[in-house]
Amino acid sequence: MSRGGSYPHLLWDVRKRSLGLEDPSRLRSRYLGRREFIQRLKLEATLNVHDGCVNTICWNDTGEYILSGSDDTKLVISNPYSRKVLTTIRSGHRANIFSAKFLPCTNDKQIVSCSGDGVIFYTNVEQDAETNRQCQFTCHYGTTYEIMTVPNDPYTFLSCGEDGTVRWFDTRIKTSCTKEDCKDDILINCRRAATSVAICPPIPYYLAVGCSDSSVRIYDRRMLGTRATGNYAGRGTTGMVARFIPSHLNNKSCRVTSLCYSEDGQEILVSYSSDYIYLFDPKDDTARELKTPSAEERREELRQPPVKRLRLRGDWSDTGPRARPESERERDGEQSPNVSLMQRMSDMLSRWFEEASEVAQSNRGRGRSRPRGGTSQSDISTLPTVPSSPDLEVSETAMEVDTPAEQFLQPSTSSTMSAQAHSTSSPTESPHSTPLLSSPDSEQRQSVEASGHHTHHQSDNNNEKLSPKPGTGEPVLSLHYSTEGTTTSTIKLNFTDEWSSIASSSRGIGSHCKSEGQEESFVPQSSVQPPEGDSETKAPEESSEDVTKYQEGVSAENPVENHINITQSDKFTAKPLDSNSGERNDLNLDRSCGVPEESASSEKAKEPETSDQTSTESATNENNTNPEPQFQTEATGPSAHEETSTRDSALQDTDDSDDDPVLIPGARYRAGPGDRRSAVARIQEFFRRRKERKEMEELDTLNIRRPLVKMVYKGHRNSRTMIKEANFWGANFVMSGSDCGHIFIWDRHTAEHLMLLEADNHVVNCLQPHPFDPILASSGIDYDIKIWSPLEESRIFNRKLADEVITRNELMLEETRNTITVPASFMLRMLASLNHIRADRLEGDRSEGSGQENENEDEE
């Protein structure tokens, strides 16, 4: 029967089912494949069961109940038919809940959930809250994005997170794990943030993983194991059967926000942040024959950073049904009061970026011939005195995802939010990231009181010698852009001196802050604090050529990281300003970069380095003069011994080591004193990057399928949140939420847009079809769950309105790709710094003028 059939046909199908003439399951597939149902959808009920944004919804197996998790850290089981709450569970989570699932075959009594601080809770509805709070897994570093259960398996579940690992837990072995630096349950180490997972319904041993390098990797779980089971592979390529990347995203870091298998397992739906939705066949292999871009082509693409704009923190004006593109607002004269100021500051940053980019280009040409000994005065004079950020490799995943700094935040007194990180073993360590309430309203009704932690670092003696004019350093801004988490991007603000900025710039502007939410990680704490007896030094067996190849390989294979780097500072104050609950942390005056990343603009890295910027290449390239990397020149006595043992443990962890390093975000790693830990982290990061590069090279020799895009679905906008779902509905439809507050439904086979539903005042994140009936549940920034069913008497699809929304979304998607969210305090600090710079320049001009007059008088 055709999809465009009429109701009499459907009634006849019902009649045949009642007579036993047809399989009952076929009726569902037929009515779910009809446009009549899709285009008659209407809001049937609203479930107001939460006090925060609803980030996850899930039907039970019978379709009778809905499990939901929210920013209020509560789990709620509700009945959408009676509109009543069955159970409200105080989950024990201390950060926003991002994913929650019923364990299969447990009569809806057992639940697994994860949150922004990385903690996973295993909850039994029939047990008391205190018992459930003991059943937690704190294994992940950073945000845990998704929980996935295995069909018909009540004992095991999987999780993925910012640390780049996919972990497999078995509740028969343990129902909790608070072990420090736990690696027992790692199933796959992707070496890139793993943001989404999906299991093939008919063949559950096929596991799809979406990573922050734009790739979707499909694994055969039968070939994988964990350390707990005794057969951990330790390689990211083991068990991989397919790897999918849209061709235009090959050189970009575009995060996967949603993965979904079709019911028959023949196709996979992938939704990308700041991009579109793609359908591909995992068994396809036609992309293998396509030419991959050369390293030079990849570097050339990385050299064209986009010009960024600024958006005030808490400004959700670009979301919701009434959002308009900037060009349309200007035309209609609807500019908000702060637009002109934001535009001016955006223009200012753009000028800085352009200047710095020109400097980077010139440095790239000079870097090959310049001796390592130092930087000429003429080179210094060409560098900008304002923040230098030529490596503005903020990729097209300019989501609003904040950099965590939970160690700077005091616990909130509100039950709906807690910024104090959960710690189970050490007061200086805590699971990373506490993405807080992500709604605009919550920013006004909740706030986090930030405590000031002041850390002062002394300048290196070499730095003082290299400084052209002591006492003339100008304070400039140091920015750190990060995209970890699920809601919004932010900039971390730092102050440094002019020479620090110049030294950083003279190195080819190669000091990069980690992007992807600092997903390119640091070393485990166990590697940082080895036994004191371990004092034997083992230098890495890497030559300068190897390091150079590593730098170029990283430039080519780790494309367009989502960050802004301006400089690192030898003198800074780690003092957070304020933190609103709306979008994770606010502005943090902290170390601007924990791990320098070599990019295309730092080709040979032959420029001088400051003590604070002792990067990976310096630790390995200087073998000819000093076989051991130099970290803190002032480290003496016991601290020096600790430094040596710490360095040793990092150096010993090469790519041949059994201790496979995972991505550890910078906020988790900053617990150590001084720069010693940071330097060790950079060495560890070097080995991890090299290991990743080797695995990527192995992909060419392995029999791994590379599917081509089968269909692309456009019209929606997915840029402001990292938990936006795309889903199949029946055999003939595909749907997704959007930043415009609408639900989009397309024809699966033709990508024709069939339905548009206004479903949220800001952003629709979650869409879950009923397992049997033509009912849809949705949620987003609003504090409720909406139930949709085909109640309209006639089709209500407005094609003209849909075309208008699609056009606006396309324009605003381009705008959002080039937009960075900054807190209001950032503007104030920036203006104050600029004022200081101007004052110092005027004073310098006066002193220069008086000096010239004195010289003229002497000559006379």
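Cβ coordinates are placed from backbone N, Cα and C, and glycine is handled just like the others.
Note that this is a predicted model, so its numbers are computed, not measured.
In Swiss-Prot, the feature phosphoserine is attached to one residue out of Ser336, Ser389, Ser789, namely Ser336. Between the listed residues Ser433, Ser451, Ser543, Ser649, Swiss-Prot assigns phosphoserine to Ser649, with no corresponding entry for the rest in that record. Candidates Ser581, Ser615, Ser657 were compared with Swiss-Prot; the annotation phosphoserine appears at Ser657. Of the candidates Thr178, Thr424, Thr483, Thr654, Swiss-Prot records phosphothreonine for Thr654; the remaining residues carry no such annotation there, which does not rule it out for them. Pairs of Cβ atoms less than 8 Å apart link the repeat 'WD 7' (759-798) most often to 49-88, out of 49-88, 139-179, 251-290. Within 10 Å of the Cβ of Ser847 (phosphoserine) there are 11 other Cβ atoms, across all protein chains. Computed over the repeat 'WD 5' (251-290), the whole-number mean pLDDT of the model equals 92.
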